[in-house]
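Q: One structure, as structure tokens, below. Some questions next.
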Protein chains: 2
Amino acid sequence: MRPDAITREECVALDRRDPLAEFRDAFVIPEGVIYLDGNSLGAMAKAAPARAARVVEHEWGSDLIRSWNNAGWFELPLELGDKLAPLIGADAGEVVVTDTTSVNLFKLLWAAADMRPGRRKIILEGSNFPTDNYVAQGVAAARGLEVVLVERDAIADAIDEDTLAISITHVHYKTGHINDMAALTARAHAAGALAIWDLCHSAGALPVDLNGCNVDLAVGCTYKYLNGGPGSPAFLFVAKRHLATARQPITGWWGHADPFALTPGYAPAPDIRHFLTGTQPIVSLSLVGVGADLMRAADMTRVRTKSIALTETFIALVEQRCAAHGFTLVSPRDANERGSQVSFAHPHGYAIMRALIDRGVIGDFRAPDIVRFGFTPLYVRFADVWDAVDVLVDVMESGAWRDARYAEREAVT
Amino acid sequence: MRPDAITREECVALDRRDPLAEFRDAFVIPEGVIYLDGNSLGAMAKAAPARAARVVEHEWGSDLIRSWNNAGWFELPLELGDKLAPLIGADAGEVVVTDTTSVNLFKLLWAAADMRPGRRKIILEGSNFPTDNYVAQGVAAARGLEVVLVERDAIADAIDEDTLAISITHVHYKTGHINDMAALTARAHAAGALAIWDLCHSAGALPVDLNGCNVDLAVGCTYKYLNGGPGSPAFLFVAKRHLATARQPITGWWGHADPFALTPGYAPAPDIRHFLTGTQPIVSLSLVGVGADLMRAADMTRVRTKSIALTETFIALVEQRCAAHGFTLVSPRDANERGSQVSFAHPHGYAIMRALIDRGVIGDFRAPDIVRFGFTPLYVRFADVWDAVDVLVDVMESGAWRDARYAEREAVT
């Protein structure tokens, strides 16, 4: 690809040859919107409204309580876990969909502390999306442990004989940098520590091989690249070799060995069910299946190939057409180190992103100065990349971002 | 009411005079079904499908990430908490809707242990629905505390100077017995202990006055009498006087003082937000509002009056018409001690309930021998009570329950 010669026609031609092109038609992308924020909230599959209607009107409204058995509600966390497993290199019986990423990480960090008694340190990336770090701080405070926050290049060296676990997000939410799962997991194991991975920004975005990397425990969300819907329940992975011994502290009836016996004493289920706690939000949970089915139908190698091509094209176009406008690439230039997003720093990033959103190009802003664009290969086209940059060029050259209404900073989720 | 003289005509007349009669039309009750299991999963409001469709198709599908601000998704846990507050005798700012009952109880028991350092005992009702007891066992194991399980009449006497909290379910899931919130809370306070209440079987079923009883902490679900939909997120109450000091351990970003600052260190929100953890399942959460709005439109005193009349009628009719069939009332005979359900023990309870369900009378079975019928005043009519007993009479007199297909015990949620 010659950065100085990418035309819209070339992008359209790439779309014509795209083996994933047909997937776009399975999603709703609103008229006039170029959606580059699927790394924050994935787009809605066209099948989602009908699925929601079936769960609400039929399973709840008509079948009522009988749906716990007849519609398989009680088994959904396991069924969906098995559905996601191949997307993250896990086996059936190692994954459940339940609760939130933060609650699930609490369970796993707690379990990890028990699996490495006497060790005190949990190592996380300091600039990580902070909820994982907050949860680790909560566990550490509760158990007299120490949270060690280091930056990317210092993680490996921070691991020592007092480390009980590393708890690392696979793809950095802000920069899109991929942390080396195989190498860091091996390094942790060499020191006798556990490796916990957060897949929020990698599950569904790139091939993930938890078992191939010998990962111990993992969490992730389903509402970004897995298109499960707003706040859809999260997933949790426990490697088979740990299932018999790993124990989480939020011991509710869904994690009991025999939940319907209603015995007074808690007895942990001997399998992944132990990591469940209470009754799950069935409507939201059901929608996870719609997104997961689409992702399973796509070949993850093709997803990754297209993802790299999309981000390469975007970087090339921005650097070619906005060279005069002060954008600094924050994401890794090497595609092998980059997830499915591109971030640029710009001193007026906030106003620029507001101007873009007003013109239908939806990315997001991350303080203090980062504009972030997510590229979800199932529904973003090469022509969208070209058009998005075209709008960016216009916003910069017209000075539209200087409009007073873009100046005030508001909460951006 | 003369038990020996209740006719269907009298029941129809009661329905005609029922000031809550109009509410039934706001719910979907499937043709041919008499639904006496709203204490397990509340019926669907007619407004629920449209609300689900709006959240899925419009807020998610069309507005995408913008709905976190524009549709108020981020504020939903607090907005819904404020909506539920008057139904449970709480003030605005004391309630959030989030996570599950079990996860929320974990947070509150943990907080309670910190609020009463040095004390070791958590007292629960042994025959309670066991998830609360399991969660308490998890907290106790984590913190070196002791779970004391006693039965109803022994709770008050079990409270001593080493008790950090009682954690009691207001209405017993199996018998429908109301535990005396005011008296037990006062008894706990007299010993310096905290009072935690689980409102799963009382919120929306009878007037609850948390602040009037000086309760410290409470949890409850929204999918029973509050009609929030299957597994809809639970609620959590912290009395205003404790908000500045009570601290829960699952410290995620939604509980941070400034969640969007994304600072590396956790700082608890100074209000009820601190009890939030992670991103909530928005579709399920949104439906809680539909059920809550209906319940708020009904006067809780009228709900309670009708509830008592329904359960009195049911007990009278069963005892009048099934006297020969071996049912033993398990629920309190005194309506003042009874929630909105009636339970009878019968040696063939399982088969009888299966036969009833097959004939459209949906109640549920609780091991080892209890048939349980819930009476939800917003959509159950006096004529339904009469008709349900008529079906019961038929099942018993015809011997239909002896059918082989009702013999095998299956999981009943």
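Just so you know, glycine gets a Cβ as well, placed from its N, Cα and C.
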Q: In TrEMBL, A:THR101, A:SER102, A:PHE129, A:PRO130, A:THR131, A:ASP132, A:THR169, A:ASP198, A:HIS201, A:TYR223, A:TRP253 are given as binding pyridoxal 5'-phosphate, so which of A:THR163, A:THR185, A:THR245, A:THR279 is in that site too?
A: A:THR279
Q: If we count other C-beta atoms within 10 Å, could you say which of the binding-site residues A:THR101, A:THR131, A:THR169 has the fewest?
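A: Relative to the other binding-site residues in A:THR101, A:THR131, A:THR169, A:THR169 has the fewest Cβ atoms within 10 Å.
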Q: So which of these binding-site residues, A:THR101, A:THR169, A:HIS201, A:TRP253, get their C-beta under 8 angstroms from chain B?
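A: It is A:THR101, A:TRP253, listed by sequence.
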Q: Taking DSSP as the reference, which of helix, strand or coil describes A:PHE129 (pyridoxal 5'-phosphate binding site)?
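A: Where A:PHE129 (pyridoxal 5'-phosphate binding site) sits, the three-state DSSP reduction gives coil.
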Q: From the Cα of A:LYS224 (N6-(pyridoxal phosphate)lysine) across to the Cα of A:THR169 (pyridoxal 5'-phosphate binding site), what is the distance in angstrom?
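A: So the Cα of A:LYS224 (N6-(pyridoxal phosphate)lysine) lies 14 Å away from that of A:THR169 (pyridoxal 5'-phosphate binding site).
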Q: Out of A:PHE129, A:TRP253, which has the highest number of nearby Cβ atoms, where nearby means within 10 Å of its Cβ, if these are the binding-site residues?
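A: Its Cβ has the most other Cβ atoms within 10 Å: A:TRP253.
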Q: Check A:TRP253 (pyridoxal 5'-phosphate binding site) against DSSP and tell me helix, strand or coil, would you?
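A: The residue in question, A:TRP253 (pyridoxal 5'-phosphate binding site), is helix (DSSP, three-state).
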Q: Nearest by CA distance to A:LYS224 (N6-(pyridoxal phosphate)lysine): which of the binding-site residues is it, out of A:PHE129, A:THR131, A:HIS201, A:TRP253?
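A: Minimum Cα distance from A:LYS224 (N6-(pyridoxal phosphate)lysine) across A:PHE129, A:THR131, A:HIS201, A:TRP253 lands on A:HIS201.
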